[in-house]
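**Student:** TrEMBL feature annotations, pasted as is:
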type	residues	note
ACT_SITE	Arg20	active site
ACT_SITE	Asn38	active site
DOMAIN	5-90	domain 'Acylphosphatase-like'
Amino acid sequence: MSKCCLKALVTGKVQGVWYRKATQQQARKAGVTGHARNLSDGRVEVLLCGEAADVEAVAKWLWEGPPNAQVTDVAVEDVEWQDFDAFFTL
């Protein structure tokens with residue numbers, strides 16, 4: 001299996017709706033590391049690192065988010081591998 005990291009910028013109603021915490025739960029369940037943080041422009045930045053299939057599964061979930069989120073766009077790009085111990089919210 002191959003490892004990879006993806007950076008996603010999530011747009012929509014994604015702040016104040018537990019989006020980062022729900023993303024952390026999904027990532028930890030999948031064994032994916034990285035972080036989620038609010039950006040000043042209202043988006044959430046998510047960095048996902050792990051086995052490619054697990055990272056892709058969590059990246060797909062980003063479109064869904066928690067029940068109160070309204071995701072309108074998820075811009076994803078491959079980034080250089082980063083070795084994290086866990087998934088954090090910042």
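Cβ atoms here come from the backbone N, Cα and C positions, even for glycine.
Where the annotation comes from TrEMBL, it is an automatic prediction and has not been curated.
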**Student:** May I ask which residues of the same chain, at least 6 positions away in sequence, place their Cβ under 8 angstroms from the Cβ of Arg20 (active site)?
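**Tutor:** In sequence order, Ala36, Arg37, Asn38, Val44, Thr89 meet the Cβ cut-off.
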**Student:** What are the DSSP helix/strand/coil residue counts across the domain 'Acylphosphatase-like' (5-90)?
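**Tutor:** Across the domain 'Acylphosphatase-like' (5-90), the residues distribute as 22 helix, 36 strand, 28 coil.
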**Student:** Using a 10 Å radius around its CB, how many other CB atoms surround Asn38 (active site)?
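**Tutor:** A 10 Å sphere around the Cβ of Asn38 (active site) contains 16 other Cβ atoms.
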**Student:** Please compute the mean pLDDT of the model over the domain 'Acylphosphatase-like' (5-90).
**Tutor:** 97
